[in-house]
Amino acid sequence: MKEGFRQAMAWLHTWAGLIFGWLLFAIFLTGTLAYFKDEITHWMQPEVQAHPLDDGRSLAVAQSYLQQQAPTAASWFITLPNSRDPGLSVMWQDKVEPGKRGTFIQKILDPVSGQPVQARDSKGGEFFYRFHFQLQMPYPWGRWLSTIAAMVMFVALITGIITHKKIFKDFFTFRPRKGQRSWLDGHNAVGVLVLPFHLMITYSSLVIFMSMVMPAPIMASYGDDSRAFFKELFPNTDNAPALGQPGQLLPLLPMYQQAREQWAGGHVGRVAVNNPGDVNASVNVFRAGSDSVVHDFGNTVSFSGTTGELLRVSGEPSLPAVIGGSFYGLHMGHFAGPVLRWLYFICGLAGTAMIGTGLVIWLGKRQLKHAKSAAMPFELRLVEVLNIASMAGLMIAIAAFFWANRLLPVSFAARSDWEVQAFFVAWGLSLLHAMLRRARRGWVEQLSIGALLFMAIPLLNAITTTQHLGVSLLNGDWAMAGFDLTCLASGVFLAWAAWKMQRRTASQPKAERARGLTLKQEAG
Amino acid sequence: MLLALLMCYAGFTALCLSTDRHHGELLHQKPSPTRRLGLRLGGWLLLIAAIWPAVLAAGWSQGLVEWCAVLMLSALLLVLLLPYRPRLALILAGLSLLASPVAAFALS
């Protein structure tokens, strides 16, 4: 009975893992990249220079710019620069008749000169972040598909734990250079050792889309009016309407300082001003997400814009909000400093590696049975092609995205869309290539192309911008330098993988020939 | 986070040595029952005690997250080092035990 149960779980693990493995690999890898979303954006918009941080100067600069450009806007949003994202972002919404939503206009300012920076049009790291849960599909299909994938991932984790017979006995075991055995060892090692992260990231992703996946409790209490639910959950942006009389907005800096006092020195992430030109102007100061592990959806201090009077301080969140917020916060990792952020990144890579090794094992086991026949059955060939395109091909696609960022002219129309196109075109080509080439050759060639593309990125950056490694390292621009160095390291890793694969390809025919020889001798 | 990392790495190495197979691979002999118990106890103690410096440095919520992170990282590092550089894995464990008091001194 027990063995039957374990076998059933193994079956589920095998097939759930296979069907969703390719998608989960892409979700995990792009999600891992999203931990460095701001740094990637910084690299992809090199026109935005990094300056030493000074919130007072940034606020003053942003306020005077908005006062000039959009005195009658419905609202302003000022996002302050931080150590990860050096740009001072201002956004405003045009005033339109009530009931309609005005268009948003966003500019990035230089926090010292106050002039808008003509940054190239690029989605930057936001692309990976969006892709990892929307999958470039129209709303809400991508979110549904990625949520289903997360559920399957959760099932695969649980069944994997049940299937794994000797978690504690094999805890420290990894035996390299033993073919299938090594793949399984590696799959188990990254699975078990980083299990807390896998469970956290998978479960929290379900919590994040809770209201989409399980809307029944909200519907039961609020009926069809789900807006009422969210209004009650996030009350802090409920501000007084405009009176229609012109008013003078006070400087924002004193309010910023008062808010920080309220939070015992906590940091400010964003400042929003409603009806900036009106008597009834109000200012909401939002706390930075990097201040606490528990994500708080609206930790704000509100002021009257014309009198400077403190209107409201958001209260302590309730216990369920803290629990929900901590899963949200743990998943996003906004609170993580540089070291912890790298650990998050490594954990994400470990998750990606777990999925990748799983896919390789699935195929390897079944290929053994057909090692002697010349042609592989169609379904194995299909899995093989998809393995190559979803792993090596995705790496090429990511590199192509970065290359497109540097090679497309800055004035190109719909430039950021073309960067995304480059990503998908490269991915599609790799699929085509995998179909045309024989398995091992396909792997070796795609890994080599990926290695070349990644290793050349620091060079490309040096040729096309003024911020090559020498400059960024000297200026202490760690986001820029770290990106170049990480690309270089990824390239070296891919080259190593290609070399390993090449060596195995070279040794295999020899072994086969040797076997053929002995058979002939026996026959003779 | 450094002290927690050193303690976790040393702790996992002790736990690893408390198994017959790895003790044999690394030190070429079977551990005596008392030694096995001592290693196991010491390992668990180090892993759990590593919560303290992490929490002390970064507060409860962030400290616990950091502890989990170094726990996973140190185990991963050890398991990757063992087949390729077993001696280095042991030397690193010894060094982290030696460096722990220094790191603790820097923390307080």
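Glycine too: its Cβ is placed from the backbone N, Cα and C atoms.
Feature annotation from TrEMBL assigns transmembrane segment to A:12-36 (among others). A Cβ distance under 8 Å defines the sequence-distant neighbours of the transmembrane segment (A:12-36), meaning residues of its chain 6+ beyond its ends; these are 125, 128-129, 131-133, 135, 145-146, 149, 152-153, 155-156, 159-160, 163, 201, 333, 336, 341, 344-345, 348-349, 351-352, 355-356, 358-359, 362, 383, 386-387, 390-391, 394, 398, 482-483.
Distant neighbours of the transmembrane segment (A:144-168): 5-6, 9-10, 12-13, 16-17, 19-20, 23-24, 27, 132-135, 137, 188, 191-192, 195, 198-199, 202-203, 205-206, 209, 212-213; these residues of the same chain sit at least 6 beyond its ends, with a Cβ under 8 Å from one of its Cβ atoms. Summarising the annotation, TrEMBL assigns transmembrane segment to A:144-168 (among others).
Among the features that TrEMBL reports, transmembrane segment is placed at A:189-214 (among others). For the transmembrane segment (A:189-214), same-chain residues at least 6 beyond its ends with a Cβ under 8 Å from one of its own Cβ atoms are 31, 133, 140, 143-144, 146-147, 150-151, 153-154, 157, 160-161, 164, 167, 171, 173-174, 226, 229, 324, 327-328, 330-331, 347-348, 350-351, 353-354, 357.
The transmembrane segment feature in TrEMBL is assigned to A:342-364 (among others).
Annotation comment: TrEMBL describes A:385-406 (among others) as transmembrane segment. Panel annotation: around the transmembrane segment (A:385-406), residues 21-22, 25-26, 29, 33, 43-44, 120, 122, 127, 356, 359-360, 363, 418-427, 430-431, 433-435, 439, 442-443, 446-447, 449-450, 453-454, 457, 460-461, 464-465, 487, 490, 494 of the same chain, lying at least six beyond its termini, place a Cβ under 8 Å from a Cβ of the stretch.
What TrEMBL lists as transmembrane segment is A:418-436 (among others).
Annotated transmembrane segment per TrEMBL: A:448-466 (among others), in sequence order. Non-local neighbours of the transmembrane segment (A:448-466) in the same chain are 43, 46, 392, 395-396, 399-400, 402-403, 406-407, 484-485, 487-488, 490-495, 497-498; each lies 6+ residues outside the stretch with a CB under 8 Å from one of its CB atoms.
Look at TrEMBL and you will find A:478-499 (among others) tagged as transmembrane segment. Residues 36, 38-40, 42-43, 46, 50, 84, 86, 338, 392, 395, 399, 402, 443-444, 447-448, 450-458, 461, 467-469, 472 of the same chain lie 6+ residues outside the transmembrane segment (A:478-499) yet bring a C-beta within less than 8 angstroms of a C-beta in it.
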**Asked** Going along the chain, which residues at least six beyond the ends of the transmembrane segment (A:342-364) come within the CB cut-off of under 8 Å?
**Response** 14, 17-18, 21-22, 24-25, 28-29, 31-32, 35-36, 179-180, 183-184, 186-187, 190-191, 193-194, 197-198, 201, 333, 336, 380, 383-384, 387, 390-391
